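One structure is given here, and the rest of the page talks about it.
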Amino acid sequence: MVKKLTGKSFALSALVAASFVAAGAMASDKTEPRNDVYKDKFSKQYNSWHATAESEAITDALEQDPALVILWAGYGFAKDYNAPRGHMYALTDVRNTLRTGAPTSAEDGPMPMACWSCKSPDVPRLIEEQGESGYFTGKWAKGGAEVANTIGCSDCHEKGTPKLRLSRPFASRAMEAIGTPFDKASKQDKESMVCAQCHVEYYFEKTDDRKGFVKFPWDGGTTVENMEVYYDAIQFADWTHAVSKTPMLKAQHPGYETWKLGTHGQNNVSCVDCHMPKVTNEQGKKFTDHKVGNPFDRFEETCGTCHSQDKEHMLTVYKDNKSKVMELKSKAEAQLVAAHFEAGAAWKAGATEDEMKPILTNIRHAQWRWDYAIASHGVSAHAPAEALRVLGTAVDKAANARVQLAQLLATKGVKQPIELPDISTKAKAQAALGMDMDKMNADKAKFKQEMLPKWEADAKAREATYK
């Protein structure tokens, strides 16, 4: 049956339809999300950016270090955590990870829209079209058909030009909060600020008026202590630990913050200087290499422009620093894993919230500091001394928590030491937490088979209307 439209309802329907056509008729005035649009005009940069696809190998960080499963018990990272890959894989990896779940509709799934925020130039497009409230409202799956282009040109550049920009309003606010507004920064500083839109610590706000918004916790500064004080003051927790019941903080990837504290940051050596150097192609044309990667892979164009030592010497220095960081990282993890299980035993023995509060605070602070150091993937090069300092405080605070727990458990008549489960592999650690990995993997496979093709088809149809 066809319902007859009145003149008023017909006009309204036409207006709504026209608004959708107009919205899809072109990319945003400020943001062109399609990277391919620039492959001819900026071919050298485009081709080198596309070469980030050469990092196709997937490294399972949980398999390499099963203790991580316990440290993140009750949080998405205990399900799945792989080492980062090149920019070409940003969308692929966030779609494929178990952390984003297996939504069956736009209103389904465990994660919010904010999880797209560092993955695509479609994000600034959506914010420009919908406003931040419109963009951040809803589940991650809501953006499935909208966020279709991986990290690329418009994330860092003004539309159609090489001019740098901050494309995310939350990044602009963060820079202003620490007294370094982007529009007043030098070109050298801007080359790091554009990276700091994503390679930073951030969290998703939980207040009613800004629920799910991305914010950098920099109001009091950018050190690990500054951010710890900030989070404690607003009583923020990313999740409650499944074993110890600690209100936990999950560090993201504070590369910018740790870089600022190291030799390179202190001497104003930018991210671009080391990770996107000027190179000369076969035609003798000089350009900025957009294959963001390890400086040692292009030593002469990166390290060699400042350091007089040869590559072998510099690699030895780096490996020595990394070895020290990894050794202290392992010590912190061992203390924290034990502390979580001992806290769990204390709760089972009848410990009260008042008895546990100072213990859980030590665990919270210890793991935050450990995570801050290790989640900044390049910290062994950027700021090894700061990494060792922070990890040292993590070990101390975790050890303090264990001393407190030993005393408390003794008063409860609990036999010590507390027996720990076998967590020698990722699978055993996940089983110890009662995680049904078979179901999670099956659900994800179904999502990839049924939802992803629809997202891609819808995105293709939408972009076909762009001018």
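Backbone N, Cα and C define each Cβ position, glycine as well.
Annotation comment: Swiss-Prot describes His87, Cys195, Cys198, His199 as heme c 3 binding site. Per Swiss-Prot, heme binding site is recorded for Cys115, Cys118, Lys119. Positions annotated as heme c 2 binding site by Swiss-Prot: Cys153, Cys156, His157, His290. The feature Ca(2+) binding site is assigned by Swiss-Prot to Glu201, Tyr202, Lys250, Gln252. Annotated substrate binding site per Swiss-Prot: Tyr202, His253, in sequence order, evidence recorded as sequence analysis. Annotation comment: Swiss-Prot describes His264, Cys303, Cys306, His307 as heme c 5 binding site. Per Swiss-Prot, heme c 4 binding site is recorded for Cys271, Cys274, His275, His382, and the stated evidence type is sequence analysis. The annotation signal peptide is assigned in Swiss-Prot to 1-27.
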Residue among binding-site residues His87, Lys119, His253, His275, His307 with least C-beta crowding, 10 angstrom cut-off: His307
Rounded Cα separation (Å) that holds between Lys250 (Ca(2+) binding site) and Cys115 (heme binding site): 14
For His382 (heme c 4 binding site): intrachain residues, at least 6 apart, with Cβ closer than 8 Å: Gly255, Thr258, Trp259, Gly262, His264, Gly265, Ser376
Cys271 (heme c 4 binding site) in three-state DSSP notation: helix
Lys119, His199, Glu201, Cys303 screened against Cys274 (heme c 4 binding site), Cα within 10 Å - retained binding-site residues: Cys303
C-alpha spacing of His290 (heme c 2 binding site) relative to Lys119 (heme binding site), in angstrom: 16
Cys271 (heme c 4 binding site): nearby binding-site residues from His157, Cys195, Cys198, Cα cut-off 10 Å: Cys195
Which binding-site residues sit within 10 Å of His199 (heme c 3 binding site) - Cα, from Cys115, Cys118, Gln252, His253, Cys306: Cys118, Gln252, His253
Cα-to-Cα gap, Cys198 (heme c 3 binding site) vs Cys118 (heme binding site), nearest whole Å: 6
Pairwise CA distance, Cys115 (heme binding site) versus Tyr202 (Ca(2+) binding site), rounded so that it is a whole Å: 11
Assigned element (helix, strand, coil) containing His87 (heme c 3 binding site), judged by DSSP: helix
Shortest C-alpha distance to His253 (substrate binding site) - which of the binding-site residues Cys153, His157, Glu201, His275, His290: Glu201
Those binding-site residues, out of Cys156, His157, Glu201, Tyr202, His290, Cys306, that come within 10 angstroms of Cys195 (heme c 3 binding site) at the Cα: Cys156
Spatial neighbour of His307 (heme c 5 binding site) that is closest, considering only the binding-site residues His87, Cys118, Glu201, His275, His290 and their CA atoms: His275
